[in-house]
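Trainee: According to TrEMBL, the feature domain 'Homogentisate 1,2-dioxygenase N-terminal' maps to 38-312. The annotation domain 'Homogentisate 1,2-dioxygenase C-terminal' is assigned in TrEMBL to 314-466. Annotation source TrEMBL lists active site, proton acceptor at 325. Sequence annotations record features per position, and here TrEMBL assigns Fe cation binding site to 368, 374, 404. Taken from TrEMBL, the feature homogentisate binding site applies to 383, 404.
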C-alpha cells in the first residue's frame, strides 16, 4: 500500500514542484512521497527494464531461446516502414504470450458510451449552446470499476476511420479484480480528479494522483485499482494519432512540459494462475476473452511504445512580461496531430498557478471567438475563466466560433484600476481538451440531469459605453470630414485616415 499523506491537499497547495525541493537544502526527488513506485525518465525515449537482471537478450530481439524459458512478443504500433522518428514498438519477454487465451465473446454495449460522433448518428447532438455539467456522481452501490464506470461526453469522428477524438468521464467505487482492459481504438489520456489510481500495465505499475496525468497507448492492457477508495476523473481519447510534446518554437529548448519530467514504469511481473477476464474495446464495442494466467507476467521489456505519467505541478508556465495576453497555446502540455498539418487533432492544456504581471492590460480572458472546440474540467480549486462557474469534477463545453467571455462586472472591475503583479490560480488546476474539430454531444451527456446551459442573461448588462461619447465622436468625425487636424490630447495632431 502507498504511504498516506498527513495532509491530503499537500500538493494542491504548492505554487510549483520546485517548492518541494527546499532550494537545494534536501536531496532532490522526482515523485510525490506517497508514490510507491520507481520510474524511468524522459519523454519518448527508448527504454529497457528487467525485473530479473540478465533477462533481456543482447544483440538481438528474438533469440531461439529466451532466458528462463520466457516468450518474446513484439508490440508494433506504427507501420513497419514508418520513419524512425515516428516508429513505435516494444519487445516484451513474458511467462505466457498474449495469444494464450480462450477466444472472444460479445459483451453488452455500455449505454453511457459512444464512439460514432458523425451527426447522422441519432444518438449524438449538435448544438451551438454553451453547455456545462455539474460533477457526475460517484456510485455508492454496486461494484462499479474503472471500465464499467466509463461515460462519454462528446467527440468527433469514429475509431474505424482512424481519425477522431472522444472525451469521457469515469466514476468508480471498486478496483478491477482478476480483470484487465484493452483499448484497441485509441490512446487514453487519463486525468484523475478525485482519488488516486494504481494502474498495473504490462510494462509495470503507474501510481497516478489528482494533479497528475497518465497516457495509456492503444492496445496495452491495464488493471486499475483504487487505493484511496471511490474515484472520478476525465479521459481524452484520440483515434489514429498519439500524444506528443508540442513544439517550442522561439522558446528554445526549455519550458512548458519538459521531457525529463515524464515518468515511465519499470518491469514488475506477477504469476497468477486464477481465471482472468480481458475486456476489449474495439470500434466502440466491448468484447471479452478469458485466460488462466495473469496478463501482467512481463519479466522484462524494451522499446519506445510504453505508458507514462506526468505531474502537472512541474509544468513551466510562460506568459507576457510586458503587455497583452499570449495565445492559450502556451498552456499546452501534450498535443496529438491531425491530418491537417496546421491544426492539431487534440491539445491538452492546463491552467495552473502562475504569475500575472502584464501592465496596461485587460487581464481576464478577453472576449473571444475561435475555431477550436473547448471542453474544460477542474481538478481542484476554483477557476474564474469560464462564462459560468464550475466545480471540481464538472465539465464546461463550447464549440468553435461561439463567442465567450466574462460578465460585465468582471470586465468593469478589470478595466477600472491597474492590477498589481500577482499570483493567480493558486491552489487550483483547471484543464482544457481542445480540438480543431467540431464536437457532437452524446445522449448520455445531453439527457443528464447534471447538464445546465450557460445563461446568456449574464451578458445582458454588457452596457454600450461607446454611445455615451456620442458628442465627442460627432465632433471628431466632423473635423475629419472637413479635413481639420484632430488633437490626440498630447499636443500633437493627426489628420483623417
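Each residue, glycine too, has its Cβ placed from N, Cα and C.
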Trainee: Using all protein chains in view, find how many other C-beta atoms are within 10 Å of the C-beta of residue 374 (Fe cation binding site).
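Mentor: For residue 374 (Fe cation binding site), the count of other Cβ atoms within 10 Å is 23.
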Trainee: Would you mind reading off the Cα separation of residue 383 (homogentisate binding site) from residue 374 (Fe cation binding site), to the nearest angstrom?
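Mentor: So the alpha carbons of residue 383 (homogentisate binding site) and residue 374 (Fe cation binding site) sit roughly 15 Å from each other.
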Trainee: Quick one: of 325, 368, 404, which of the recorded positions has the smallest count of other CB atoms within 10 A?
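Mentor: So among 325, 368, 404, the recorded positions given, the one with the fewest Cβ atoms within 10 Å is 368.
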Trainee: Roughly how many Å lie between the Cα atoms of residue 374 (Fe cation binding site) and residue 325 (active site, proton acceptor), rounded to a whole value?
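Mentor: Cα of residue 374 (Fe cation binding site) to Cα of residue 325 (active site, proton acceptor) measures 18 Å after rounding.
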Trainee: If one measures from the C-alpha of residue 368 (Fe cation binding site) to the C-alpha of the residue listed as 'active site, proton acceptor', what distance in angstrom results, rounded to a whole number?
Mentor: 12
